[in-house]
Amino acid sequence: MNNKLNVLYFNIFLMFLGISIVIPVLPTILHDLDLNGSDLGMLVAVFAMFQMIASPFGGRFADKFGKKIIIIIGLLLFSISEFIFAMGNTFSILLVSRVLGGISAAFVMPGVNGMIGDLSTSENRAKNFSYMSAVINTGFIVGPGVGGFLAEISHRMPFYFAGALGIIALLFSVFLLKEASDDDSNETARPKVKEPFPYKLFVVPVIIMLILSYGLASTETMFSLYTAEKVGFEPKDISIAITGGAIVGVIFQLFLFEKLVGKIGEIKLTLFSLIYSVLILGAFVYASHYITVMLVSFVIFIGFDLIRPSMTNYFSKLAGNNQGTAGGLNSAATSVGNLIGPLVAGAAFDIKIDFPLFIAMAFFIIASIIIAFYRPDKLKF
């Protein structure tokens, strides 16, 4: 594997390890500050709003100034945001942390997606993006366990540790990460002259991503609160559930994703993953015992783990020589759904804990209908 990709994957692992470390203790932090589901929704939505605002700039800056510098800036902001959250004792300070976190994601992810696109050929692009998703999931495998251990020391300790991981990833990026050169991808079909960005090709994919990201965000945001409220999951139980689900996700991404994309393509794989997600969310709603909720938790995110790399790969395929801009557009579309989803899900959760899941299922059905009638083969590239 390309050494540049190895460094990139390792940095992404550290960042998402830092992100996942704090998940098991979020319900405890909210309880300590007397916050509720709507407040959690607001914290996630503020992150998404500033990610949405900054993503187009992050993508354009990545293409103009280079992916490396954008990734470094994003990692620095990520670390600062985690340290602020660790020290925050009021809701307003937590909001400031999330603002910086959203901007950091708007810089890191377009840079990462763009660099992977630059380093990939048409033959290995799906594999490279599936590896990225698997690396992210691996961070989620290790993170909750580490977070649960650190929480025994202090509920704030996971946030300090996450900030430190961001600094380590930043240093690796500064000294080891190199920009892609013209020879890295060996993609003879990719012109070296800058191409105009084909915005029209992205209209339907962006609409699909908006709807998908709403359903994904509303489910993931409320997962820890939902399981804690429904069957009394504690931080260690949430850690087990997230870790188990991440392990299953890594297996699918490493051993099945590339084969599935090669066989049926990104669009059909996304459609089938959506259908699966609707069915498994329905099962999750009706699971009422600790063991059944835990077992469903292990497989509930399989569809999500296939949808994300499928659409990311599809955006990259359409982008040609504009990988950073496409990554920014993908990130912006995702963040719009991430903005609306947690707000609606948080308010719905306070009414009835099952409502966010029903709303997510409805949005997945809408996305499935759009994809079923989407005909990318009729588009002119």
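Just so it is clear, glycine is given a Cβ too, placed from its N, Cα and C backbone atoms.
Per TrEMBL, the feature domain 'Major facilitator superfamily (MFS) profile' maps to 4-380.
Taken from TrEMBL, the feature transmembrane segment covers 7-30 (among others). Residues 36, 39-40, 71, 75, 78, 82, 85, 108, 112, 115-116, 131-132, 135-136, 138-140, 142-144, 146-148, 150-151, 155, 158-159, 161-163, 165-166, 168-169, 172-173, 176-178, 224-225, 228, 235-236, 238-239, 242, 246 of the same chain lie 6 or more positions beyond the ends of the transmembrane segment (7-30) yet place their CB under 8 Å from a CB of it.
The transmembrane segment annotation in TrEMBL covers 42-62 (among others).
Annotated transmembrane segment per TrEMBL: 69-87 (among others), in sequence order.
Through the fold, the transmembrane segment (93-116) approaches residues 4-5, 8, 12, 15, 33, 42-44, 46-55, 57-59, 61-63, 67-68, 70-71, 73-78, 80-82, 84-85, 87, 128-129, 132, 179-180, 312, 315-316, 323-324, 326-328, 330-332, 335 of its own chain, all at least 6 residues removed from its boundaries and within a Cβ separation under 8 Å. Taken from TrEMBL, the feature transmembrane segment covers 93-116 (among others).
Residues or ranges marked as transmembrane segment by TrEMBL: 128-151 (among others).
As annotated by TrEMBL, transmembrane segment applies to 157-177 (among others).
Positions annotated as transmembrane segment by TrEMBL: 197-218 (among others).
Annotation source TrEMBL lists transmembrane segment at 238-257 (among others).
Tertiary neighbourhood of the transmembrane segment (269-285): same-chain residues 208, 212, 215, 219, 260-261, 293, 296-297, 299-300, 302-304, 306-307, 310-311, 314, 354, 357-358, 360-361, 364-365, 367-368, 371-372, selected by CB-CB distance under 8 Å and a gap of 6+ residues from either end. The transmembrane segment annotation in TrEMBL covers 269-285 (among others).
Positions annotated as transmembrane segment by TrEMBL: 291-307 (among others). Here the transmembrane segment (291-307) has Cβ contacts under 8 Å with residues 133, 137, 212, 216, 219-220, 223, 227, 230-231, 233, 237, 240-242, 244-249, 252-253, 257, 260, 269-270, 273-274, 276-277, 280-281, 283-284 of the same chain, all six or more residues outside its ends.
Annotation source TrEMBL lists transmembrane segment at 328-349 (among others).
With a threshold of 8 Å between CB atoms, the same-chain residues lying at least 6 positions outside the transmembrane segment (355-374) that come near it are 204, 207-208, 211-212, 214-216, 218-219, 221-222, 226, 267, 270-271, 274-275, 277-278, 281-282, 284-285, 341, 344-346, 348-349. According to TrEMBL, the feature transmembrane segment maps to 355-374 (among others).
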Candidate ranges 42-62, 128-151, 157-177, 197-218, 238-257 - greatest C-beta contact count to the transmembrane segment (69-87) (under 8 angstroms): 157-177
Positions on the same chain near the transmembrane segment (157-177), where near means CB under 8 A and six or more residues out: 4, 7-8, 10-12, 14-15, 17-19, 21-22, 24-25, 68, 71-72, 75-76, 78-83, 85-86, 146-147, 150-151
Segment-segment contact (the transmembrane segment (128-151); the transmembrane segment (238-257)) at 3 or more Cβ pairs under 8 Å: yes
